[in-house]
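What follows is a short report on a single structure.
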Amino acid sequence: MSDAGTAGLLDEMSSLRKRTRRERRGYWFPLLVFGLLTLGAIPLMRQFDWENSPTRRCDHHPDGRVSSCSDQPPDTAFEVPGFGRVDPLAVFNSGFIGGIAHPLALGLYWLGVLVLGFLATVWWYRWRAARVGVETSTRAYAQVTLYGLAVLLLVPLISAVTGRSIRLSHWEQRFGSVALVLLSLGAVLVAMRLSKADRAPSRRRRVLGGVAVAFTVLVVATLAAATIDKTGGLMLIAIGLLTLAVLERSAWCTVVAVAFTGVTLLANISYMGTIFYRLNWEIGPRDTNLLFNGKDVVLPGAVLIIGGVVALVGQWWTSRSGRTG
């Protein structure tokens with residue numbers, strides 16, 4: 001075959017690979033699903049009503065004037081023998097200034113978001129593979145989600161054992177949360193690389209791999225216990241979307257996943273209120289306004305929805321151009 005023929009064949013194969021990659025992409029669906037589910041948490045983020053709480057106790061001066069008042073916002077913690085007080089949903093409902101009125105509902109909602117979003121994403125990719133004949137493997141995404149859920153389950157136990165001693169200061173928390181994302185993503189990339197290099201690992205390699213996974217989960221859970229407040233669900237979604245971006249090899253999916261991770265990190269350090277203030281967003285009374293109460297999920301949810309809509313329109317346009325061309 002001549003050099004010109006070889007070059008033409010290589011170009012054709014390259015074009016075929018690119019077209020196949022475009023056809024198998026379906027990340028717009030999980031972006032929209034997780035975006036809508038994230039915004040769905042807003043009604044459950046109403047602040048605790050300190051003024052009208054039935055458990056509020058006040059001390060009075062001899063003349064009848066109130067000297068001081070105290071109250072304890074509701075939480076989802078309970079006593080566990082050997083561990084003390086454990087709050088299994090703290091990664092979803094703690095760290096809010098003033099507390100949350102219904103922490104149990106918010107925590108269970110985020111658990112439902114993670115499970116429902118995971119199942120919907122896996123179903124979507126498999127359905128799409130059967131429809132278009134090209135499949136994007138969701139094995140790595142599934143593993144990341146399951147190991148991430150294990151991390152979120154370990155965090156309350158680690159927090160109960162260590163108490164407040166493990167918590168980082170505000171400035172340290174900023175760097176710690178970034179390190180958490182980088183460590184998690186690095187572990188995902190290494191695991192994906194090793195799984196491709198060794199398709200049929202020996203028994204010894206499987207044992208060593210299991211030990212490495214358990215150690216990584218423990219390290220990530222410890223760092224999460226030191227840094228995560230209220231954004232456990234968003235953090236796991238972020239790592240999952242970064243994994244999807246690697247699997248899809250899509251620049252736009254990567255941009256959306258990185259942007260979502262960025263605003264999630266800002267929400268974790270309670271910086272969203274500052275952003276609202278600097279943008280001069282007048283959103284009404286803080287105690288009753290849904291937008292202010294849900295400020296930690298507004299931007300993350302909006303990033304995913306906008307990213308999903310753009311991806312869907314882009315895919316529709318590409319498909320339409322391919323049919324007309």
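Keep in mind that glycine also has a Cβ here, set from the backbone N, Cα and C atoms.
Just so you know, TrEMBL annotations never went through curation; they're auto-generated.
When Cβ-Cβ distances below 8 Å are used as the criterion, the transmembrane segment (27-45) is approached by residues 96, 100, 102, 105-106, 109-110, 113, 116-117, 120-121, 124, 234, 237, 241, 244-245, 248, 250, 253, 256, 290-291, 293-294, 296-298, 300-305, 307-309, 311-312, 315 of the same chain, each at least six residues removed from its ends. The transmembrane segment annotation in TrEMBL covers 27-45 (among others).
Marked as transmembrane segment by TrEMBL: 104-125 (among others).
According to TrEMBL, the feature transmembrane segment maps to 146-163 (among others).
Below 8 angstroms of C-beta separation, residues 140, 143-144, 148, 168, 209, 213, 216, 219-220, 223-224, 226-228, 235, 238-239, 242-243, 246, 261, 265, 268-269 of the same chain, each at least six residues beyond the ends of the transmembrane segment (175-195), sit close to that stretch. Feature annotation from TrEMBL assigns transmembrane segment to 175-195 (among others).
Counting only same-chain residues 6+ beyond the ends of the transmembrane segment (207-225), those with a CB under 8 A from a CB of the stretch are 91, 147, 150-152, 154-155, 158-159, 162, 166, 176, 179-180, 183-184, 187, 191, 194, 201, 232, 235. According to TrEMBL, the feature transmembrane segment maps to 207-225 (among others).
Taken from TrEMBL, the feature transmembrane segment covers 231-247 (among others).
The transmembrane segment annotation in TrEMBL covers 254-277 (among others).
Here TrEMBL flags 297-317 (among others) as transmembrane segment.
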Under a Cβ pair cut-off of under 8 Å, which of the recorded stretches 104-125, 146-163, 231-247, 297-317 contacts the transmembrane segment (254-277) most often?
231-247
Residues from the same chain, set at least six apart from the ends of the transmembrane segment (146-163), whose C-beta lies under 8 A from its own:
80, 83-91, 114, 184, 213, 217-218, 220-222, 224-225, 228, 232, 236, 239-240
